[in-house]
Every structure is written in structure tokens, then in C-alpha cells.
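Enquirer: Take this structure first; my questions come after.
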Amino acid sequence: MAIAHLATEYVFSDFLLKEPTEPKFKGLRLELAVDKMVTCIAVGLPLLLISLAFAQEISIGTQISCFSPSSFSWRQAAFVDSYCWAAVQQKNSLQSESGNLPLWLHKFFPYILLLFAILLYLPPLFWRFAAAPHICSDLKFIMEELDKVYNRAIKAAKSARDLDMRDGACSVPGVTENLRQSLWEVSESHFKYPIVEQYLKTKKNSNNLIIKYISCRLLTLIIILLACIYLGYYFSLSSLSGEFVCSIKSGILRNDSTVPDQFQCKLIAVGIFQLLSVINLVVYVLLAPVVVYTLFVPFRQKTDVLKVYEILPTFDVLHFKSEGYNDLSLYNLFLEENISEVKSYKCLKVLENIKSSGQGIDPMLLLTNLGMIKMDVVDGKTAMSAETREEHGNQTAELQAMNIDGETKANNGEKNARQRLLNSSC
């Protein structure tokens, strides 16, 4: 019995989740995959286009070209270019063929893209500092408790198995039909009011995190729509050239007769900027439905992650179905995102697959039988060693008996020889 008890300890200790020496859940993902994809594209694309715009500026060298008279030196021509480039946002110094054309949009196009990139990074930044720490602590607690629930189930199976071994419950008629019920009645104290279940139920009445999540998604959608409006308007200017007329007669040059009244100028990078605006506009238009989809992701009533824990007793997943928008629906999504960190989920998923294989095998009964198989193997080895020791004992006893018989015969022979010598001497 002691050997069987020790074997049971080894079997169930293999299934218990080991406590790691280093901190658990180091790589928790505190942002949903679809949200992270939206952030990377919405923020990364403008930064990429800005780098291309500045690379084009470095390769060309100047963003404006003005036609100066041949009598001007290169310093005077450079002054005209610089003056007209600085006066792009001043309407009183410019006259365009297309009327009041906002030429400053061309000048500040890279910086406006940078502004949109910064604005689109604000919602994820707010989420990281306002909501992520709270979700991180809650997820660690929930996942640790889920592992503990699994461990308690293994301990309960061990307790039930030990009780059956001590009391001979296996010989009671009808125990096979009621094995699952009696198994958990023995260790009911292990499962009274699982704290993780009660904690998750409280999230159905909480809306703090879901409000922050929806606010971030709405803000992202609004910024993307504003960016699409700006890029669409900028692209509509493609039919208008970047040519304009600039006057530099101001200050000491106002009465200078050698300076022409107007200079014909052209913005060189307009064509490149319009191409970049088309690329950014197309990507943002395709990205907007994805952001709308993220608004409805928490509305999904999915509890697939927790459903596998229905194998364990008293863990009622049906009560975890969220009704509308609440924190519970958000926690379900983040549990699904970090399910690879939960070791008990992997083990229970294997048992669930065995259960759904159609063979009619109860996973917990299979777990108990697995312990019995291990104990049978150990008992078999013990029985074989006992038989071997018995055979060795029998062989030793036979050898000892043979030695005793040999010594007796030798002593009798010596006595007979001495008697014959005495008789002959007489």
C-alpha cells in the first residue's frame, strides 16, 4: 500500500504545474493584434512617406525654382528663391493662375503627415499608460488562478484515488456509473467558490476599461477620417500646377527699378507630394473599416477560451457570456490574446480533444486511470522483485541444507575411521 501511495504521489506530481523560479507571464500582450496592426500602419506609413519626401529634398537640393533675370548673380537668384519660398504662405506676395490656391499645403505637406502620425499615436499611448497597467495585473491574477483551479482538480483526483484505495471503493457495486459524481464529492472542499470565477463575474457590471477602449478606437477613427479628408483635398489640387508669381518688392527694394515687379516660380516637389498623398489616402481608406471593426470586436459573445474549463467541476462558463459592452468582454479578448501563457489551457485542451474524439472517455476519469496504470506498472515491478528475492531465498536455503548434510557426513566418516584405528591397535 505504501508503494502504491508513493506511486500515486509521483503520477499526480507530474501533472501539477511547477512553480517557475523566474517571474511568470513576462511577455503579456496588452494590446489586441488588430489594434496593434492598425497602430503600426497608421503611424508607420506617414513616417515612411516623410522619409521619402526628405530623401527627395536631399537629392534635388531645393524645393522651389524661380526664373531670375540673366543680369542677376547667383547670390541674387538664391535670394529670390529663398524669399519666394518663405512667402509661400503669404497671399499678399503671391499671385497664382488658379486664384487663391493654398500653396502652403505643398510647403507643409511632410509636416502635416508628421502631425497625423503623432495624433494617431496618442490613443495607443493613452491606452498604454491609463489602462494597460490595470489589465496587466488583472490578467496575471486571472491566469494564475486558472492554473490553480487546474492544480486543485489534480489534487482532488489524487484525494479521491487515495480514498478509493484505502476504503476499497472500487468493490462497491454501481461505483462505475457514479464514479464522476463520487470523485468530486470526496474533495468538494477543493472547489467551493473558485475565486477566479467570482472575480470574472464582477467584470460584467464594470465598464471602466471598455469605455477607455472604445474612446481610443473612436479617436483613432476620427483622426483617420480627418486625414482622409485632408489627403483627398490635397489630391484634388493635382490638376492645378505649383506655379505662381512672386513679388519681392518690399523694404529697400520697393523703389529699385533694377528689380522686376514679379518673378515666375514653381514648387518642384508638388508631383512627388501628390503621389505620396495618393498612397497614404488609399491605405487610410482601407484601414478605416478595420478600425470600425475593432469597435465591434468586444461585442462578440465569445467564451471559447474559458469553455475548455467546463471539464473542471463547479466552473460554469455559461455565466461568463457578456451582454453588450462591458469589461468582461474585453477580458475575454485579452485572455484569448495571451492564451499561450496559460499552461493549464494546453493540458485541458488535450483532454477536451480526447473527450470530443467520440470514444466516450471522460477526461477526468482518463486522468485517474492514468494514475492506476502507473501504479500497476510499479506494483508489477515490485511483485517481480519479491518473487526474485523469494527464489534467491529458496536457493540459499537449499545450499545451506546441502552444506549441513555434507558436514554431517564428513563428521560421521571421521568418527568411523578413528573407531577402526582403535580396534586394530587393540
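Backbone N, Cα and C define each Cβ position, glycine as well.
Note that the coordinates shown come from a computational prediction; the quantities given were computed from them, not determined experimentally.
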Enquirer: If you follow Swiss-Prot, the disulfide involving Cys66 connects it to which of the following: Cys246, Cys265, Cys347?
Expert: Cys265
Enquirer: In Swiss-Prot, is the topological domain of Thr39 the same as that of Leu209, meaning both on one side of the membrane?
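Expert: Going by what Swiss-Prot records, Leu209 is on the same face of the membrane as Thr39.
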Enquirer: Going by what Swiss-Prot says, which of Asn255, Asn394 is noted as N-linked glycosylation site?
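Expert: Matching Asn255, Asn394 against Swiss-Prot annotations yields Asn255.
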Enquirer: So, in Swiss-Prot, which cysteine from Cys246, Cys347, Cys426 is disulfide-paired with Cys84?
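Expert: Between Cys84 and the options Cys246, Cys347, Cys426, Swiss-Prot records the bond with Cys246.
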Enquirer: Whole-number Å distance between the CA of Asn255 (N-linked glycosylation site) and the CA of Cys265 (disulfide bond)?
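Expert: Cys265 (disulfide bond) has its Cα 22 Å from the Cα of Asn255 (N-linked glycosylation site).
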Enquirer: Restricting attention to the topological domain 'Cytoplasmic' (288-426), give the mean pLDDT.
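Expert: For the topological domain 'Cytoplasmic' (288-426), the model's average pLDDT rounds to 65.
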Enquirer: Under 8 Å Cβ to Cβ from Tyr199 (phosphotyrosine), same chain, six or more residues apart: give me those in sequence order, or none if nothing qualifies.
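Expert: Non-local contacts for Tyr199 (phosphotyrosine): Phe141, Ile142, Glu145.
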Enquirer: Sort the residues of the topological domain 'Extracellular' (239-266) into helix, strand and coil with DSSP and give the three counts.
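Expert: With helix first, then strand, then coil, the topological domain 'Extracellular' (239-266) has 4 helix, 8 strand, 16 coil.
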Enquirer: Write down the Cα-Cα distance for Cys265 (disulfide bond) and Cys246 (disulfide bond), rounded and given in Å.
Expert: 7
